[in-house]
Amino acid sequence: MADALGTQAEIGVIGGSGFYSFLDDVTEITVRTPYGDPSDSLFLGELAGRKVAFLPRHGRKHHLPPHRINYRANLWALRSLGVRQVLGPCAVGGLRPEYGPGTLLVPDQLVDRTRSRVQTYFDGEPIGPDGRVPEVVHLAFADPYCPTGRAVALAAARGRGWEPVDGGTMVVIEGPRFSTRAESRWHAAQGWSVVGMTGHPEAVLARELGLCYTSMALVTDLDAGAETGEGVTHEEVLKVFAENVSRLREVLFDAVGALPATEERDCLCVPAHALP
Ligand SMILES: [Zn+2]
């Protein structure tokens, strides 16, 4: 864990290469974990005086579908570098007509509709630097996202002239297929806001490791049940995505600079059973 490698990064960003490829000084490192290999190398850089580790969630070639991502290895690898706060930008579909392409939503709730993913480190196996086998752990997860991280992300977005949606529920589906119209209408009828494929178990694994986790959901299209008229074309979606990725990067970088120092965290994200 952190003792072995030292603190090489304090903040983690799980997102594509668009977030770090242009940084001047990036160090690529390979990290192995007891849970296997993360999605790719980790890329260390410095932003606003903060040490940041970037990890391409789907691999740099974007070859890992959501259900094949080794979420446990990803979060473990970040933590082993010293990371204690994680920003998780992701692409989602909007479940309401008003959440069209280009909407940035910082969710405060999550619904898990995945079905094949390992979603805990506490599965009866040894865990942690001392190799202890913990007793059964039932994690408190009523508030799945870091309140501090959420506030920082929202302020950063507003600072860049983006009016983000403050709160809402992200339903995470197994994928890799998109929802049927019936599923999508059902999701919307529950009052859920956006639908994604990677937000779970990323959030819960982060909490198990005592990491602050903040999701930043960029709507790239309206989901099947929320479409009106002919809907946007694929080209329009790509265009909107490209436009907003650069803006999202600015917001991310501002947020990185505004997050509290690791030792100043006073949120709910460090559970009693957290690893040393
Ligand atoms: Zn927190």
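The backbone N, Cα and C atoms fix where each Cβ goes, glycine too.
Positions annotated as domain 'Nucleoside phosphorylase' by TrEMBL: 10-253.
Over all protein chains present, the Cβ of S17 (phosphate binding site) has 15 other Cβ atoms lying within 10 Å. The phosphate binding site annotation in TrEMBL covers S17, R57, H58, T198.
If you look up TrEMBL, you'll see S179 (among others) marked as site 'Important for substrate specificity'. Mapped onto three states, the DSSP output places S179 (site 'Important for substrate specificity') in coil. Sequence-distant contacts of S179 (site 'Important for substrate specificity'), defined by Cβ-Cβ distance under 8 angstroms and a gap of at least six in the same chain, are G93, I173, H187, V195, D223, A224, G225.
The substrate binding site annotation in TrEMBL covers M197, D221, L222, D223. Look at D223 (substrate binding site): DSSP puts it in coil.
Among the features that TrEMBL reports, site 'Important for substrate specificity' is placed at H234 (among others).
A simple Cβ count within 10 Å picks out one of the binding-site residues D221, D223 as the most packed, and that one is D223. Neighbouring residues of the recorded phosphate site, listed in sequence order and excluding S17, R57, H58, T198, comprise I14, G15, G16, S39, L55, P56, G59, H62, L64, I69 (Cβ within 8 Å of the Cβ centroid). Counting Cβ atoms from all protein chains shown, H58 (phosphate binding site) has 18 others lying within 10 Å of its own Cβ. The local packing around T198 (phosphate binding site), expressed as other Cβ atoms within 10 Å of its Cβ over all shown chains, amounts to 25.
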